[in-house]
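Colleague: So TrEMBL lists the following for this protein:
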DOMAIN    9-485  domain 'Major facilitator superfamily (MFS) profile'
TRANSMEM  12-31  transmembrane segment
TRANSMEM  60-80  transmembrane segment
TRANSMEM  89-107  transmembrane segment
TRANSMEM  113-131  transmembrane segment
TRANSMEM  184-204  transmembrane segment
TRANSMEM  216-235  transmembrane segment
TRANSMEM  334-356  transmembrane segment
TRANSMEM  363-385  transmembrane segment
TRANSMEM  397-423  transmembrane segment
TRANSMEM  435-455  transmembrane segment
TRANSMEM  461-481  transmembrane segment
Amino acid sequence: MTEKGSRFLQYMAASTGNLNIVACGAILGWTSPILPKLAEDNPIAPDNQLLRPITIDEKAWIGSLVPLGVMFGSFVSGYLGEWLGRKRSMLMSTFPFLIGWILVGTAHDIIQIYAGRFILGLALAMPFTVLPMGQSLQIASDVISSMISAFAKSRRKILIPTVTLSPPSLAQTVLTIGSSVQQVAIRGTLGSFLQLFITFGFLFSYSVGPFVSYTVFWLLCASLHVAFFIGFMFMPESPHFLLSKGREAEAAEALARFRGKSLDGVRKEMEEMQTEIEEAYRIKASWNDVFKVKVNIKAIVLTSILMSFQEFMGIDVVLFYVEDIFREAGTSNTAISAIIIGFVQMISSVITPIIVDRSGRKILLVISSIGSGITVGILGAFFYLKNKTDFDTTTIGWVPLATLVVYIIAYSIGWGPLPWAVMGEMFAPAVKPKASSICVFTIWSFSFLLTKFFTNVTPDVGFFFFAACCAVNIVFIVFMFPETKGKTLAEIQQKLSRGRSKAEEIGEESSIRNSVAGAENKMVIYGDLAEEKGRELTRY
């Protein structure tokens, strides 16, 4: 008789783990309510510890230093996750988070705020790297599994590739859904969950920040990390990590605790996990291997462009500076308007997992580009009329809020989750950590540049620029980017390899064979498993 088990501990791990993601969203959204307070000069805000208003350039640095920190921190976080384990690395990230908040909260000098924001960015890279591959995403997967299993026509067990959010960790490449009935068609759904929890953090900042003092707000933000630490310290380590270190007995105990079963009840799952981990660790790919294979290079270029366009939609500028945007537009109640934006973003992120795998990636990205482009174009026109003509924009004062609401909805159905999902689909497991690190570094680089320099241009120029980028996005998606929905890695990479001569294909196969030991490893580079062609290699 099959042991039923319990998911209580899994849900607890998900709740506490995702609390850290909510805290990360609060860090990103902190600038929206706080920068206007620090910029007030008539009179200076009573809780402005700098005792002077900040300049436009200082405002830009405060907003952009978190992305800069994530850029550098992401290269270290993956290695720490593999070295220390998911649990310990996540718990350790609490300390730089608290150091960053203390620096920001007690600052009487702008340089101290800069240092605190940069450290917060360094720390933020850790949960973005480790948590999506650990217990919390496993819970999201299990929840979907139980829903699908009720009406699934196929009883065939299919594994789902994870969505990578930061470099470079072996855990990024693999996710095994234990005792689940999953289909390739729903893998994009999983990529929407982390976005959902980040939106909770943004809404927290938008809803709380304007109505409490500077000091109370940073203490509340820091308390989220403390609550995470207290809850997560009682969770077991990832069974995948323990097995990868040869600690089979501890892995079995951890898996049994997560499943709420006896050791005998998880024996079969342990054997499957052990086999898969042994196979994964036989596959090695160096940086040289990544760039020897033309399919890999093409996938990196296309995915990096896709990730860059996500930033050039203007999303970080809008979310980081939403209250400033409303204030510049002359909106009467900027705080309430920001809360509405945060709420719409959260609701859109709840709906996104439902629709993201019902349509192709390309059609959703095109629709998202059209909707986002039109709305930021209208917003640019509004600011042009307001700042450069004699037109009385008070008669259309509803335009900024209405356009940004539609913009957030349009962005959330396509460009919000799908670039991350696509990044998890484009690369073979052996090269995914290194290839993903390039793509993620690219997106955070552009996030830094856009949030830093947007304040140096007039709002109309900035939003017209984003509208133009949306138009370019459409051309890129329609004519250059392959459809990945429902495709195995082998099928995706076959599409990418079209147009090469036979000699090039033979040469590439030879290069792979020389770079990766064994013909089986060569097959993995192309996304084919020697034992089961067409199924993607995935792990927990």
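Cβ atoms here come from the backbone N, Cα and C positions, even for glycine.
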Colleague: Across the domain 'Major facilitator superfamily (MFS) profile' (9-485), what does the mean pLDDT come to, as a whole number?
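Modeller: Averaging the confidence scores along the domain 'Major facilitator superfamily (MFS) profile' (9-485) gives 81.
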Colleague: Quickly jot the same-chain residues contacting the transmembrane segment (461-481) by Cβ under 8 Å, restricted to those at least six beyond its ends, or write none.
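Modeller: Contacts of the transmembrane segment (461-481) (Cβ under 8 Å, skipping residues fewer than 6 from its ends): 302, 305-306, 309, 312-314, 317, 362, 365-366, 369-370, 372-374, 376-377, 379-380, 383-384, 415, 454.
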Colleague: Checking distant contacts: for the transmembrane segment (435-455), what same-chain residues at least six beyond its ends satisfy Cβ-Cβ under 8 A?
Modeller: 56-57, 59-61, 63-64, 67-68, 70-71, 74-75, 78, 164-168, 172, 290, 296, 299-300, 303-304, 307-308, 310-312, 314, 316-317, 320-321, 419, 423, 426-427, 462
Colleague: Which listed range (60-80, 216-235, 363-385) shows the maximal number of Cβ pairs under 8 Å with respect to the transmembrane segment (12-31)?
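Modeller: Comparing 60-80, 216-235, 363-385: 216-235 has the most Cβ pairs near the transmembrane segment (12-31).
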Colleague: Near the transmembrane segment (89-107), which same-chain residues lie under 8 Å Cβ to Cβ, leaving out any that are not at least 6 residues past its ends?
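Modeller: For the transmembrane segment (89-107), the far contacts come to 17, 20, 23, 49-50, 77, 80-81, 83, 113, 115-120, 122-124, 126-127, 130-131, 134, 214-215, 218-219, 221-222, 225-226, 228-229, 232-233.
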Colleague: Between 60-80, 216-235, 397-423, who has the most Cβ pairs under 8 Å to the transmembrane segment (334-356)?
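Modeller: Stretch with the highest Cβ contact count: 397-423.
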Colleague: Take the transmembrane segment (216-235) and find every residue of the same chain, 6 or more past its ends, with a Cβ under 8 Å from one of its Cβ atoms.
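Modeller: Answer is 9, 12-13, 15-17, 19-20, 22-23, 26-27, 30, 33-34, 87, 90-91, 94, 97-98, 101-102, 104-105, 135, 204-205, 208-209.
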